[in-house]
Amino acid sequence: MTPTTTETLRSRAGGLKLWLERYPFLPALIIVVALLALNGAFSPNSLSYRSLTGLLSTYMALIMLAIAQTYVVSAGDIDLSAGATLSLVNVAIVVLMEKWGGGAGAVVGAMLSGILLGLICGVINGIVVATLRLQAIVATFATSIFFTGIALYVMPVAGTPAPALFWRTYGGRLLGLPFVFYVLAALALLLFLLSRTRLVTQLLAVGDDQQAAYQTGLPVVLVRVKGYALCGLFSALAAFCLTGDTASGDPLVGGKMTLYSVAAVVLGGSALAGGWTTVVGSLLGALTIGLVNSLVFFMGTPSEWQNFVQGLAILLVLMAGVLAGRRARA
Amino acid sequence: MNVAISFLKKPLVIALLLIVALLYLGESLSPGFASADQILRLLIVASLLGIVAAGQNVVILGGREGIDLSVGGVVSLSAIIAGNVMNGADGGILPAILACLAAGAFFGLLNGLGVTLLRIPPLVMTLGMLGVLQGLLVVIRNGIPSGRAAPGLSAFVTQPLVLGIPGIIWLWIAIGLFMAFMLNRTVFGHRIYAIGSNEHAAYMAGVPVRRMRIGLFMISGMFAAIAGLCLLGYSGSSFANVGEQYMLSSIIAVVFGGTSLAGGKGGYTGTMAGALLLVILQGILTTVNIDESGRQMVFGATLLLLMLFYGRGRAMRA
């Protein structure tokens with residue numbers, strides 16, 4: 001399609017579609033704002049600076065994991081081992097920090113090793129899925145079992161505490177602002193820088209039409225491996241946030257988060273088929289899951305009904321996310 | 001020569017050869033692994049997985065990224081429903097079967113409606129449904145005490161019925177025959193392959209694509225429900241999230257059976273062998289004396305290795 005025809009199509013389709021096309025995360029943003037308002041209506045206290053900071057520091061790990069998932073989904077792949085990678089990095093850094101004495105040097109050293117470990121997990125997934133051409137869903141499930149095995153080897157039972165320096169920093173304040181705000185700012189900067197790279201465009205091209213991307217001369221296999229590596233990197237960052245929040249190591253902590261990360265990607269308005277994704281949407285999608293959970297609590301739902309109402313609400317927003325996303329792409 | 005190679009490349013043949021090899025390996029690692037009793041026990045466990053995989057299989061065959069992540073939730077729900085309906089009495093078995101099938105069909109219907117009418121991708125729809133089902137499990141478990149299996153059901157699953165073989169294995173064989181007949185000899189079966197390989201062409205040829213797809217999800221829900229009922233008979237009483245393990249292992253059984261996740265290609269006979277293969281592999285790993293971490297590492301690595309024998313994607317060509 002030539003630029004001119006796109007222009008005319010856009011002007012004919014009206015303003016809303018143009019907005020959706022430029023900011024595909026808008027529906028997710030509306031859902032987040034609505035959920036915030038509902039939370040406030042049921043419990044004004046839930047909108048206080050303090051509880052919002054708490055919500056952010058609790059769900060920062062899921063935000064990171066959802067963003068990790070977004071990069072593989074961009075290329076039309078999926079990573080069911082993201083949660084296992086998170087667990088592995090979580091136990092590895094806790095053990096390393098303890099072993100190296102728990103000082104500032106130990107924390108930095110452990111985090112660097114954690115990033116390296118995340119990247120290695122990602123590259124393994126990339127090789128298995130893109131180079132060996134196994135089906136992504138089953139192959140990354142198999143690697144997730146493998147990674148969980150290594151995590152259990154590193155720390156057989158949950159409970160080893162992280163050094164105080166680590167979680168005090170994450171949960172504390174810096175220059176009068178909660179530390180998690182700096183994490184968010186750094187994340188925003190990182191996402192902005194990444195969005196300028198060729199890799200993100202290449203991932204989307206591969207996800208949109210693998211054959212066409214190949215015929216234009218893109219190294220499709222390499223691009224997909226890089227996508228998985230990026231996923232591993234963000235899974236490691238997710239592990240840091242989780243460790244800061246829980247202050248301990250748990251070899252099975254991430255298992256349940258994998259499917260939530262996929263849900264958050266869809267909630268954000270990305271297409272699971274690839275080629276059309278939004279990292280900001282995934283961030284909002286992860287927040288949506290957090291806000292739904294807190295809303296169900298603040299509404300005074302009886303405790304035994306909470307999981308059911310949460311499940312139902314998430315199913316409904318998932319449907320809304322898919323429908324709105326399709327409207328935007330149509 | 002070529003005939004021999006193409007025969008050896010058939011998924012069913014690969015799976016059967018691997019099964020024999022694994023049984024041999026198990027027997028040499030721990031003598032008695034491949035004894036008749038042990039093989040029967042493995043077959044019982046495999047039949048539970050195989051029944052879930054039957055539903056998963058038709059959904060995947062139907063294409064359009066068909067997959068059912070909610071089967072694990074339905075298995076758990078059905079085990080609870082069955083336990084409460086029969087509550088240890090043989091007279092409650094028939095009502096329990098009906099209640100379970102109804103529940104499975106209901107959640108399958110919801111999945112099917114979401115996938116067809118709202119065109120939600122199956123992965124997303126069934127993932128959301130899994131969350132709902134898990135919530136429902138908590139509600140039910142809090143309201144009423146978990147029930148017990150009727151002695152008749154337990155005997156059907158664990159005790160020899162005919163020719164020294166437990167009823168559930170006969171049931172699995174019957175399901176295998178039924179699936180082979182349905183997929184190969186009925187219009188419905190041929191239409192599954194039709195919508196799986198080219199939905200648009202099938203639609204143009206007059207296949208009621210939507211109704212078909214809804215039907216496939218209902219079949220999947222009902223098979224998961226049957227498996228949940230049998231699982232209750234196997235374990236005696238239902239406990240939290242018994243079905244969770246079946247979610248991804250049913251998909252792997254289907255893949256090991258040579259059915260492509262892209263849909264339209266494959267069958268159930270291979271899936272049966274795939275389920276058995278998976279169960280034997282797990283059996284060997286529990287027999288061998290290594291700790292949990294080593295077991296998981298070996299299991300994950302072996303799954304990857306086995307996948308290499310099956311349908312790898314095609315290389316990109318210009």
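From the backbone N, Cα and C atoms, a Cβ is placed for every residue, glycine too.
TrEMBL annotations:
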- A:25-42: transmembrane segment (TRANSMEM)
- A:54-74: transmembrane segment (TRANSMEM)
- A:80-97: transmembrane segment (TRANSMEM)
- A:104-128: transmembrane segment (TRANSMEM)
- A:134-154: transmembrane segment (TRANSMEM)
- A:174-194: transmembrane segment (TRANSMEM)
- A:227-247: transmembrane segment (TRANSMEM)
- A:259-287: transmembrane segment (TRANSMEM)
- A:307-325: transmembrane segment (TRANSMEM)
Tertiary contacts of the transmembrane segment (A:80-97), as residues 6+ beyond its ends and Cβ separation under 8 Å:
61, 65, 68-69, 106-107, 109-111, 113-114, 117-118, 121-122, 125, 137, 140-141, 143-145, 147-148, 150-151, 154-155, 160-163, 166, 231-232, 235-236, 238-240, 242-243, 248-258, 261
Which range out of A:25-42, A:104-128, A:174-194, A:307-325 gives the transmembrane segment (A:134-154) the most CB pairs under 8 Å?
A:104-128
Could you tell me whether the transmembrane segment (A:54-74) and the transmembrane segment (A:307-325) are in contact, taking contact to mean 3+ Cβ pairs under 8 Å with a sequence separation of 6 or more?
no
Answer key: the stretch among A:54-74, A:104-128, A:174-194, A:259-287 with most Cβ pairs under 8 A to the transmembrane segment (A:227-247) is A:54-74
Give the one range among A:25-42, A:104-128, A:174-194 whose Cβ atoms make the most pairs under 8 Å with those of the transmembrane segment (A:54-74).
A:174-194
